Amino acid sequence: MADRIFAAITLLVVMAYGWAAFMLIKAPFQYDPLGPESWPRILSVVAGLCCLWIIFKPTVHEFDITKNSLVRIALMVGLLIGYAYLFEHMGFIIATALYCGASVKLLGGNVKQAVIFGVVTSVIGYLVSAKLLELNVPAGVFKNLI
Amino acid sequence: MDVILSGLGQGFAVALQPFNLFLVLAGCFLGTLIGALPGIGPINGVAILLPIAYSLGFPPESALILLAGIYYGAEYGGRISSILLNVPGDAGAVMTTLDGSPMAKRGEAGRALSLSGVASFVGGSISIILMTLFAPMLAAFAVKFSPADYVALMVFAFLSLAALVGKSAVKTLLAAVIGLMIASIGVDANTGVMRFTLGSPDLMAGIDFLVIVIGLFGMAELLHLVESYARGTLKTLPVDKTFVSWADLFAVKWVMLRSSLLGFIVGVLPGTGASVASAVSYGTEKRLAGESGKSFGTGDIRGLAAPESANNASAGGAMVPMLTLGIPGSGTTAILLGALLLFNITPGPLLFEQKPEIAWGLIASMYIGNIALLIINLPLVGLFARLLTIPQQYLTPLITVLAFIGVYSVVGNPFDLYMVIGLGVLGWILRKLEFSLAPVILGVVLGNLFEDNLRRALSMSGGDWSILFQSVNSWALYGLAFAVVALPLVMRYFKRKRQASAV
């Protein structure tokens, strides 16, 4: 069932891709026998056939995951999205400290470990990447301090 | 021969520059560590560190030397956790657990580690020598390839990928086509027409290669680690004082030689890397051992030497088609190829002539790296053994931080951070459904090359598709493609027949 659902969703995406390739993409003028639309057309047909094959002959029937793991994954994805948001808006140090602390807590560490790891990683990470390696990392709210 | 010697000379001149020498050693050390940590393999390690190496502004040959060092270093390191934890450090070290872990359990961890270290060295050395000999020849031959021949080569590459990688051929093919479809997003270089950009300016230049790699290999791996976290704490066996003897090495000399050759060949085949190489060589040695092969799986030194020689040999083998044809021989070399493309260098037959410092510099650095790895891996193995027990709760967030720094510092677009997370979830689901991810990245890397050559071939013939079947080269490649697809089927048929008659 898991395979069939995935293949069906992929088939829908492939059909949208194929629809665009067959109906929308067109070069205003071209000299070559194959235009920008030909290659995507071939791909959409091959991908569509593969999806149909999987729908008819699936190999994975159960999406094998425990409820606990699923909750943990969902929480981790939530943390990642939060990290991405804070990374942009509050800068590397605060975002990293919060994210690292929260992940350690999520993965079974205690509060003390979480706080120490979060602070150490964010500060050292910022100094190494922004100062030592001169990478482009957002300074955020500490822009004027460091 | 002269070409090879002068090329090597030039290569060593590059590789022995102090900065590059430092990068070789750093790459090998990091690689061994990444290989040794359970869960993170060479492909994830290279993916996570690629953007950082890129944004540090190294010259292309230096970046490649570093990333390649991580790649073949990880093939060494994978054995450490296989032997001490009974958990493979990466996919290529799965077979190493079968005989390595029983040896460690009966108090021969030191012997197992040193023997597999030497086997890795033999595999690595043989494959580098073969690479030195064959890569320039293949490049000289491939210079004459026409666009139609390239199309045939691609067909061969994707069919052998489907036949040899992953559990289901159709799924592997679909994964590769998904990669090709991702590559087709963005502005068409020939006509300037927008394709599948959905009107979004963020997609006009296509999805950035780094974003795809970090998402599919960094983030998906991270989610996989989070999922499998509940298994409790792992316990390492201590590294004891036992050491490999000359008699041991003498007993496995042919095993190492055969497995190295086999590993090299599997490595050269497009898309198949260390995991296929070690599985094939383990199976072959077990069969060749005959009656005495029954001890395989209970701590037989032959069963330890075979996969370790093969997976290291495959790393060198996989570099050959990447450098000479622009077609990666494994998932990790696909990322290395993408790294070269980021530097605006297109690997292919002309690389050896036009950019000898890259092609030969890399080869020379591998000679140095392989010796360095032997030294790192024999006396220092205890250090890596201690690092194995870094708790997952710290390792997982560190992967994220490295990935985010990498994506943000190269692309600098917050949109891509969300894209990375989305691709990570997609990659995790694909893995759960037994798709392999390496074909996706091969598709992404090869998409433009495949399409360009097809279009060029057809514009040469004025739209006549029969041009694809006109040269001897293309026929030979279609023949090889057919053989790769048909052989496993034929072998399965005979095996079934033999089993049926045995009953």
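We number each residue from 1, going along the chain as drawn.
Cβ atoms are placed via backbone N, Cα and C, with glycine included.
Marked as domain 'DUF112' by TrEMBL: B:21-442.
Annotation source TrEMBL lists transmembrane segment at B:21-40 (among others).
Summarising the annotation, TrEMBL assigns transmembrane segment to B:52-74 (among others).
The transmembrane segment annotation in TrEMBL covers B:112-142 (among others).
The annotation transmembrane segment is assigned in TrEMBL to B:148-166 (among others).
If you look up TrEMBL, you'll see B:173-191 (among others) marked as transmembrane segment.
The feature transmembrane segment is assigned by TrEMBL to B:203-226 (among others).
Sequence-distant contacts of the transmembrane segment (B:261-282) (same chain, at least 6 residues past either end, Cβ-Cβ under 8 Å): 42, 75, 78, 90-96, 98, 123, 126-127, 130-131, 156-158, 160-161, 164-165, 296, 303, 306-321, 327-333, 438-439, 442, 484. Marked as transmembrane segment by TrEMBL: B:261-282 (among others).
Sequence annotations record features per position, and here TrEMBL assigns transmembrane segment to B:325-346 (among others).
Taken from TrEMBL, the feature transmembrane segment applies to B:358-378 (among others).
Summarising the annotation, TrEMBL assigns transmembrane segment to B:398-421 (among others). Here the transmembrane segment (B:398-421) has long-range neighbours at 40, 44, 48-52, 54-55, 202, 207-208, 210-211, 214-215, 218-219, 221-222, 225, meaning same-chain residues at least 6 beyond its ends whose C-beta is under 8 angstroms from one of its own.
Away from its own ends, the transmembrane segment (B:433-450) comes close to residues 43, 150-151, 154, 157, 161-162, 165-168, 171-184, 189, 209, 212-213, 216-217, 220, 270-271, 273, 326-328, 330-331, 334-335, 337-338, 341, 427 of its chain (Cβ-Cβ under 8 Å, at least six residues beyond either end). The transmembrane segment annotation in TrEMBL covers B:433-450 (among others).
Look at TrEMBL and you will find B:475-494 (among others) tagged as transmembrane segment.
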Exercise for the section: Count the CB pairs under 8 A between the transmembrane segment (B:112-142) and each of B:21-40, B:52-74, B:173-191, B:203-226, B:358-378, then give me the winner. Expected result: B:358-378
Exercise for the section: Decide whether the stretches the transmembrane segment (B:148-166) and the transmembrane segment (B:475-494) have at least 3 CB pairs under 8 angstroms, with pairs required to be 6 or more apart in sequence. Expected result: yes
Practice task
Test the contact criterion for the transmembrane segment (B:358-378) and the transmembrane segment (B:173-191): 3 or more CB pairs under 8 Å, pairs 6 or more apart in sequence, then answer yes or no.
Solution key: no
Problem - Other parts of the chain folded back onto the transmembrane segment (B:52-74), taken as Cβ under 8 Å at six or more residues beyond its ends - result: 14-15, 19-20, 23-32, 34-35, 41-42, 45-46, 89-90, 124, 210, 312, 315-316, 319, 332-333, 335-336, 339-340, 342-343, 345, 357-358, 361-362, 365-366, 369-370, 373, 402, 405-406, 409-410
Practice task
Please work out which recorded stretch in B:173-191, B:325-346, B:475-494 has the most C-beta pairs separated by under 8 angstroms from the transmembrane segment (B:203-226)?
Solution key: B:173-191
Completion exercise
Near the transmembrane segment (B:325-346) in space but 6 or more residues beyond its ends, with Cβ under 8 Å, are 42-43, 46-47, 50, 53-54, 60, 63-64, 67-68, 71, 138, 142, 153-154, 157, 209-210, 213, 217, 267-274, 314-315, 317-319, 355, 358, 436-439, 441-442, 444-446, 449
